[in-house]
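Now, the feature entries from TrEMBL:
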type: TRANSMEM; residues: 20-45; note: transmembrane segment
type: DOMAIN; residues: 39-288; note: domain 'G-protein coupled receptors family 1 profile'
type: TRANSMEM; residues: 57-76; note: transmembrane segment
type: TRANSMEM; residues: 96-116; note: transmembrane segment
type: TRANSMEM; residues: 137-156; note: transmembrane segment
type: TRANSMEM; residues: 202-224; note: transmembrane segment
type: TRANSMEM; residues: 236-258; note: transmembrane segment
type: TRANSMEM; residues: 270-290; note: transmembrane segment
């Protein structure tokens, strides 16, 4: 039998036990979710409805927006419902579904950041060959690779968690079903899970972060060759904001998944997890898309009422 679980539901403690703080956090997370959901939906609609945005750069931004919608929707509505009703339980199946979709979005986001950095590298370092290198076939191939890596990563980790026995304690000291707190509750050995999480963290998180940084190093070197000060300033501003968001995402992910389950301190780690589950999906539309003139025009076309 695949599922050896005796536990039929988990109790998710959430970010804090303090009732007064919980009230404030409810509105903070509701605001974050609305900003992330509406911002990313705006990008999806604008990209689909504007033929001018049907280029590799915007298709990748569209994919990132979809991944961010999946990531935040997998976690925040359930968390808000628990805060509102004090119903902190999640069924075993619900927990595994949340784990699968979250792990999928985590893998997809990391590989997408690298793909987007490569796209910008080609555009800035090889402007004359950009349209030949980054054609629609290349774009489709890159997105297929992103999808394949994300699904494989998610299936492996969710499959390995499904093999574990949860026989006693069922309290998840976190605000959603993530791998580390689930490993801490397992009654069966978690060595293989820890090894696979470590392997994924080194290859996906550290590997992608390194490739992304290399792409940006080449981009910065190309920017330094730009003769106009204005052009340099604009390009540096874009590059630095991209690197800040990327670092904000990779650093906590690498930190969370590189350690064995026994070394987790959930009080601190919950705050760290909030960075890559809540903060980055909200910042992505602002940093990557809303500052872009073509995207602003695309949004204006779809929502002519909206004055950006």
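Indices start at 1 and increase along the chain as displayed.
Glycine residues also receive a Cβ, built from the backbone N, Cα and C atoms like all the rest.
Curation plays no part in TrEMBL annotations; they are all automatic predictions.
Proximity of distant same-chain residues to the transmembrane segment (96-116), defined by a Cβ-Cβ separation under 8 Å and at least 6 residues beyond the stretch ends, is recorded for 57, 60-61, 63-64, 67-68, 70-71, 74-75, 78, 90, 142-143, 145-147, 149-151, 153-155, 157-158, 161-162, 176-179, 182, 200, 204-205, 208-209, 211-212, 215, 246, 249-250, 253, 276-277, 280, 288. Away from its own ends, the transmembrane segment (20-45) comes close to residues 14, 61-62, 65-66, 68-69, 72-73, 76-77, 79-80, 83-84, 278-279, 281-282, 284-286, 289-290, 295, 299, 302-303 of its chain (Cβ-Cβ under 8 Å, at least six residues beyond either end). The stretches the transmembrane segment (57-76) and the transmembrane segment (270-290) are in mutual contact, each linked to the other by at least three Cβ pairs under 8 Å (pairs 6 or more apart in sequence).
The list of residues near the transmembrane segment (202-224) in space but at least 6 beyond its ends in sequence, with Cβ under 8 angstroms from a Cβ of it, reads 107, 110-111, 113-114, 117-118, 120-121, 124-125, 149, 153, 232, 235-236, 239, 242-243, 246, 250, 253-254, 257-258. Within its own chain, the transmembrane segment (137-156) is flanked in space by residues 56, 59-60, 63, 100-101, 103-108, 111-112, 115, 118, 196, 200, 204, which lie at least six positions past its ends and keep a Cβ under 8 Å from the stretch.
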